[in-house]
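Peer 1: Pulled from TrEMBL, these are the listed features:
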DOMAIN    42-461  domain 'Major facilitator superfamily (MFS) profile'
TRANSMEM  35-59  transmembrane segment
TRANSMEM  89-109  transmembrane segment
TRANSMEM  116-134  transmembrane segment
TRANSMEM  140-164  transmembrane segment
TRANSMEM  176-195  transmembrane segment
TRANSMEM  207-226  transmembrane segment
TRANSMEM  273-297  transmembrane segment
TRANSMEM  344-364  transmembrane segment
TRANSMEM  371-390  transmembrane segment
TRANSMEM  402-425  transmembrane segment
TRANSMEM  437-457  transmembrane segment
Amino acid sequence: MEHRPSRRSMADAVFPTQATAQTRYISLFGTRTRFVIMVLILLCLTSIWSNILAFNFAVVCMDDDDSEMGASLNGTARKTHFTSTQNSLAMAIVAIAALLGNFPIVQLVGMVGIRTVFAGLGILSAVSTLLIPLSIRMGFYYFLAVRFLQGFAFAANFPVIGSFCAKWSYFKQNGLFVSSLVAYVQLSPAITMPASGALCSAFKWPSIFYAHGAVSLLLFVTYALFYRNSPQKHPFVGNVELKKISIGKIAAVDKRALKKVPYGPILKTPAIWAVWVAAIGNFTCVNMMFLFSPIYLSKVLGFPVHSTGITAAIPPFLQFSSKLICGAASDRLTCLSEGVKFRLFNTLAFVGSAGFLCVLAFMGDEHKRNNMIVLGCAAAMLGATTGGFFKAGPVLSKQYSHFVTGNISLGITITMLIVPFFVNALTPNNTQEEWKYVFLITGAVMVITNIFFVIFVRGDPCEWTSDSFHRASSVADFEQHHIRNTGISTISHNVEDVPEKL
């Protein structure tokens, strides 16, 4: 007998109940929704950084474009190009904007979550990138204003990583999540450089900004529609995945207490300063490599413009691959304590990369392929930082990772402000001999900051992340309020006697 669907099943197919719809949503990704969201956020982070880096290749494209007859920004030539000072200012303004935006954005993330904040700033980055060609033709100060908006949007990247990992990562996969997301720093140039080279050859330099802005806009609209600030609110997350994610999370004592970041205890913790100092060493090298690799490859080693994009993508691609491998390895290496792993991976990254930079410093420029190999090795070694200070930040700060990991962005912005001026000052003629000092100084900064990190980092979450700390803090706040209103102290100082919710 032919089976006929019941009226109920037919109705569910056309007008599903909430339970039926939720079951379908959950079945779409199974228990892997967090990985889908992680990839989406990685692409969004990559897009914001790519929007900034696109300028570094566009400069090379402009100087090679003899057909560009627009107004000069420096007033000395007919074609559109930038002086060395203007190049430095164009990079520095991004860093200044990110520094100014860092603290208010961290505060906003703590108050309202990353869905609204990141979506809004991502769209701001996309629109400002689309406006760059117009701003360049209007004048240098208009261009700086648009670059400022790009930098302000960039300040959200590391707070987003910290907040997402704190709420969405399974504790056994924390290293994988952190390593995957911070790898946007390398994934951006690995994509942007070859893509910009192809766009430059086919459609001239403005197309670089139009393409980046359009892709960024599409990604952030998708993010705004799909992301939720907590797994519990996401329709695609089922009970099995929720239970995995909740393992090791702090007990809910008081939402208001959790939003109140203990700035004093955090700033008095040497291990947190070790993470931030290591970030300065790491990003000194990263900014030197990725902001200036197109210039080094084209001006010093003599690679033609059409191949510079592909060649410049090799070091960041190697570092991106290394980050993913080392991040997963740090989770699986259970025979060592977290503190030992932090020190081991960070030393491998910093000292290893500094060693290759020293070798590169004393190489000539006769065999440019050898220079590329050594530069690629230096970049690949730095990928081990995902098992070092990058992983240490979320592990030490747990629910306050949006603040601690968010302030790692200070490392990238401070060095983005300083590195262009010291590189341009040391390399007026872009010779290998001049670049020798850039490589040696960068290596020295990395070794010194790693020593500080190794001495002061620890392996366990800090005391101010514990339940007892929050209960004690809640009791203290309640007692102060009680004394102000009654003048009498009646609250017990024994944390164990305090109920879960005051």
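Glycine is treated like the rest: Cβ placed from N, Cα and C.
All TrEMBL annotations are machine predictions without curation.
What you see is a predicted model, and the numbers here were worked out from it, not measured in a lab.
Each of these features: where is it, how hidden is it, and who are its neighbours?
Peer 2: Beyond the ends of the transmembrane segment (89-109), by six or more residues, the same chain brings 52, 55-56, 82, 117, 121, 143-144, 147-156, 159-160, 163, 291, 402-403, 406-407, 409-410, 412-414, 416-417, 420-421 to within a C-beta distance below 8 angstroms of the stretch.
Panel annotation: around the transmembrane segment (116-134), residues 44, 47-48, 51, 54-55, 105, 108-109, 143, 146-147, 149-150, 152-156, 160, 205-206, 209-210, 212-214, 216-217, 219-221, 223-224, 227 of the same chain, lying at least six beyond its termini, place a Cβ under 8 Å from a Cβ of the stretch.
Note on the transmembrane segment (207-226): residues 37, 40-41, 43-44, 47-48, 50-51, 54, 57-58, 61, 115, 118-119, 122-123, 125-130, 132-133, 192, 195-196, 199-200 of its chain, located 6 or more positions outside it, place their CB under 8 angstroms from a CB of the stretch.
For the transmembrane segment (273-297), the residues of the chain that approach it from at least six positions outside its boundaries are 53, 56-57, 59-60, 91, 185-186, 188-189, 193, 303, 308-309, 311-312, 315-316, 346, 349-350, 353, 357, 372, 375, 378-379, 382, 385, 388-389, 392-393, 396, 404, 407-408, 410-412, 414-416, 418-420, 423, 430, 435, 438, 442, 445-446, 448-450, 452-453, 455-457, judged by C-beta separation under 8 angstroms.
Listed as Cβ neighbours of the transmembrane segment (344-364) (distance under 8 Å, sequence separation of 6 or more from its ends, same chain) are residues 278, 281-282, 285, 326, 330, 336, 370-371, 374-375, 377-379, 381-389, 391-392, 432, 435-437, 439-440, 442-444, 446-447, 449-450, 453-454, 457.
Tertiary neighbourhood of the transmembrane segment (402-425): same-chain residues 84-85, 87-88, 91-92, 94-96, 98-99, 102, 105-106, 109-110, 114, 151, 154-155, 157-159, 161-163, 165-166, 185, 261, 263, 266, 272, 275-276, 278-280, 282-284, 286-288, 291-292, 389-390, 393-394, 396, 438, 441, selected by CB-CB distance under 8 Å and a gap of 6+ residues from either end.
Using a Cβ-Cβ cut-off under 8 Å and counting only residues 6 or more beyond its ends in the same chain, the transmembrane segment (437-457) has close neighbours at 270-271, 273-275, 277-278, 280-282, 284-285, 288, 339, 342-343, 346-347, 350-351, 353-355, 357-358, 360-361, 388-389, 392, 422-423, 426-427.
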Peer 1: Honestly, do the transmembrane segment (35-59) and the transmembrane segment (176-195) touch, with at least three Cβ pairs under 8 Å and pairs 6 or more apart in sequence?
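Peer 2: Stretch pair touches.
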Peer 1: Given a Cβ distance threshold of under 8 angstroms, which distant residues of the chain, six or more beyond its ends, lie next to the transmembrane segment (140-164)?
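Peer 2: Sequence-distant neighbours of the transmembrane segment (140-164): 37-38, 41, 45, 48-49, 51-52, 55, 73-74, 86, 89-90, 93-102, 105-106, 109, 113-114, 117-118, 121-122, 124-125, 127-129, 131-132, 177-178, 181-182, 184, 393-394, 397, 401-409, 412-413.
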